[in-house]
Ligand code: ADE
C-alpha cells in the first residue's frame, strides 16, 4: 500500500513511523510511505503555507496553492482511491472504516493545522474527512499517524501472527477477551484454570463468552450492535 501524507509539520510524523509495527511494514515494503512538507510547495519566499481568514475569524487558515500544487503533482503519477482530510468534523474512525481503507492501494492524507484548511480544498480535492474522536487536536498529524497505524496493521504480512488482527477488539463488535501471562499466581491472583486446560475448543468458547460479558459491561452501546448483528 502507498500512503502519501501532506503536512506543514513533517517532523511530528517522524517518530510514529520509526518504530515497531509501522517501521516493520516499511522495511518489508508493505507500506510505501511518503511524507510531503507543504512548505516545499509554497510559492512564498518565506515558505508560508497559511494566511488570515476572510471575514476576520480568529486563527490562520491553510491556503490552497501549496496543497493544490502538491496534490496535483502527486495525482499525475498516482491514482488515489481516497484523498483524506484529517478533521474533527469528519466521520469517526472505526475498525470497520480501517478494514475498508486497508483494502485500498493508494491513499493520500492531508493534515490540517491552525483553524483548518481553505474550504475549497475540501470541495475540490478531498474525498473523505476522518476524525479520530470528538475532541480537537492541535493538528492532523497525530490523527494521521493513528489512522495509518489502524490500517497498516491489517495488511497481510505486517503482524507476525497473521490471525492476530482478526481477533482484535471491534472486529465483530466485541472487545477482546482478557489475556494473561506468567506467573500463574501473582500474590494470590491466579490465571483462570481453563486457559491451562489444553482444551482448545473450551478455551475458544471461554474467550468468546468472556468477550461478550466484557463488552456488555464496558461498552454497552457496542454490545447492542453485537446483539443486533447476531440476531
Ligand atoms: N485534527 C484536529 N482534531 C482532530 C481529530 N479529532 N481527528 C482528526 N483530525 C483532527
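Just so it is clear, glycine is given a Cβ too, placed from its N, Cα and C backbone atoms.
The annotation domain 'tRNA methyltransferase TRMD/TRM10-type' is assigned in TrEMBL to 1-225.
The 10 Å shell around the Cβ of residue 136 (S-adenosyl-L-methionine binding site) contains 10 further Cβ atoms across the protein chains shown. Here TrEMBL flags 112, 132, 133, 134, 135, 136, 137 as S-adenosyl-L-methionine binding site.
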So if I draw a 10 Å sphere around the Cβ of residue 137 (S-adenosyl-L-methionine binding site), how many other Cβ atoms end up inside it?
18
Using the Cβ center of 112, 132, 133, 134, 135, 136, 137 as the S-adenosyl-L-methionine site position, which other residues in that chain lie within 8 Å, going by their Cβ?
88, 131, 143
Do any residues at least six apart in sequence from residue 135 (S-adenosyl-L-methionine binding site), in the same chain, have a Cβ closer than 8 Å to its Cβ, and if so which, in order?
88
Where's the emptiest Cβ shell within 10 Å among the binding-site residues 112, 133?
133
How many neighbouring Cβ atoms, not counting its own, are there within 10 Å of the Cβ of residue 134 (S-adenosyl-L-methionine binding site)?
8
